[in-house]
Amino acid sequence: MKNINPTQTAAWQALQKHFDEMKDVTIADLFAKDGDRFSKFSATFDDQMLVDYSKNRITEETLAKLQDLAKECDLAGAIKSMFSGEKINRTENRAVLHVALRNRSNTPILVDGKDVMPEVNAVLEKMKTFSEAIISGEWKGYTGKAITDVVNIGIGGSDLGPYMVTEALRPYKNHLNMHFVSNVDGTHISEVLKKVNPETTLFLVASKTFTTQETMTNAHSARDWFLKAAGDEKHVAKHFAALSTNAKAVGEFGIDTANMFEFWDWVGGRYSLWSAIGLSIVLSIGFDNFVELLSGAHAMDKHFSTTPAEKNLPVLLALIGIWYNNFFGAETEAILPYDQYMHRFAAYFQQGNMESNGKYVDRNGNVVDYQTGPIIWGEPGTNGQHAFYQLIHQGTKMVPCDFIAPAITHNPLSDHHQKLLSNFFAQTEALAFGKSREVVEQEYRDQGKDPATLDYVVPFKVFEGNRPTNSILLREITPFSLGALIALYEHKIFTQGVILNIFTFDQWGVELGKQLANRILPELKDDKEISSHDSSTNGLINRYKAWRG
């Protein structure tokens with residue numbers, strides 16, 4: 001992968017000049033000038049997904065210049081580097097191969113000269129055998145009863161991805177009840193343990209090293225709770241499995257290493273749901289549906305790695321994001337799924353994007369002088385319309401939005417879905433085109449009111465519009481289409497990282513807080529006054545000690 005400061009490229013300079021020409025052009029102007037705009041600025045993927053990016057402040061010239069930027073930053077070379085197993089995560093000297101986990105073509109992918117696919121397939125087969133035993137009831141707990149509940153204990157990528165997918169694919173779930181514990185706050189695991197029976201519960205402990213503080217604290221609490229009922233430590237093996245590579249620690253915990261599902265250092269945490277970390281997904285929806293999830297992602301991988309930039313959906317979305325972030329000064333992006341099953345999708349890509357591209361040092365080790373990753377946030381529609389859309393419509397900040405919805409609902413109840421989708425379509429139209437003062441005044445006249453007598457309120461009812469959006473319409477949310485959608489966003493993030501000249505696949509920003517917490521923890525064991533920190537931290541710790549009793 002080449003290390004190129006994007007602002008030093010000819011394409012960036014051309015984009016800056018183009019922005020000066022485009023900054024006052026409105027979306028309404030663009031549609032007025034081109035009645036065929038939708039067909040030019042939208043694309044369908046696999047007859048499963050329609051991506052409409054026409055309601056953006058872009059022209060064909062904008063996209064051409066953005067694609068020039070991608071070429072100058074050697075995006076094509078970077079894609080080849082990732083897919084070929086090159087160690088593009090240089091700060092950790094690791095390959096980045098979540099694409100291998102869903103490589104349904106089974107073509108060889110080499111890391112250090114070794115094909116990783118046989119090991120990937122072996123773990124998948126092990127997940128299949130294990131999950132079928134649990135789901136069928138063949139696997140029995142220590143009292144001879146079948147498993148009814150599965151508790152996934154993990155944090156970050158070991159929690160967010162599996163939780164998001166099991167929720168999004170709830171229509172495909174079987175009889176097993178799924179629970180997720182992540183927070184080291186004892187409340188989280190306490191509330192889950194109130195809902196389950198030790199005789200019929202399986203715990204999945206998801207930690208590559210089996211040393212993650214939050215995960216292992218929760219795992220030991222779960223083990224203690226279990227042993228209060230089961231008594232004999234030998235029963236742990238029937239109720240705990242590990243998603244880890246540390247066989248020694250797993251065995252010491254009491255887990256049979258035959259029930260340890262491994263993954264590799266080329267699997268990043270926030271890209272790990274495709275690996276053994278996805279065992280909770282397999283247990284929830286069955287192995288065949290998990291394979292469909294992998295297949296959808298693999299289809300998007302093929303699209304991303306083989307399609308020219310001008311038709312490449314992850315690349316197009318990435319370039320449009322850079323356009324807003326670096327030229328229009330937009331600091332955030334909202335992800336707004338109009339599907340309640342997708343209620344964790346924005347949170348998942350909050351981690352996926354912000355932990356990947358929230359970096360201020362470039363691949364050369366220099367502090368950047370441009371914007372890198374945006375702030376990602378969002379909630380399901382229509383809830384968000386009654387919460388924060390006010391700011392998106394009439395606030396002073398530009399918030400580019402992705403609207404996501406399925407054409408077919410899993411719950412065709414009365415006219416609910418038509419009402420949901422009417423809002424989905426209406427919001428992007430309102431954001432793009434707004435409502436002028438003239439229209440507001442005419443509405444008053446149509447109601448038999450004199451606008452002059454209501455002059456004071458008219459400005460508050462004006463919508464400027466010109467707020468950019470992408471619309472992603474899925475045929476239906478299925479394992480396949482969800483896999484493709486997740487991979488679409490993953491590759492968008494990768495593309496932006498390449499162009500912004502940052503390392504997308506490390507996360508050193510999480511380390512300092514952990515180090516300081518490990519230093520502070522022993523200081524909380526007694527009642528001595530603390531003076532080893534700054535005055536604020538000392539004051540907080542000492543007040544905590546005084547109040548805890």
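Backbone N, Cα and C define each Cβ position, glycine as well.
Model, not experiment: these values are computed from the prediction.
Annotated features, as they stand in Swiss-Prot:
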- Glu355: active site, proton donor (ACT_SITE)
- His386: active site (ACT_SITE)
- Lys514: active site (ACT_SITE)
- Lys80: N6-acetyllysine (MOD_RES)
- Lys228: N6-acetyllysine (MOD_RES)
- Lys234: N6-acetyllysine (MOD_RES)
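Straight-line distance linking the Cα atoms of Lys228 (N6-acetyllysine) and the residue listed as 'active site, proton donor', rounded to a whole number, equals 39 Å. Between Lys234 (N6-acetyllysine) and the residue listed as 'active site, proton donor', the C-alpha separation comes to 39 Å. Counting in whole angstrom, Glu355 (active site, proton donor) lies 23 from Lys80 (N6-acetyllysine) by their C-alpha atoms. DSSP classifies Lys80 (N6-acetyllysine) as helix under the three-state reduction. Recorded residues Lys80 (N6-acetyllysine) and His386 (active site) have their alpha carbons 44 Å apart, per Cα-Cα distance.
A sphere of 10 angstroms centred on the C-beta of Lys514 (active site) encloses 12 other C-beta atoms. Cα of His386 (active site) to Cα of Lys514 (active site): a span of 37 Å.
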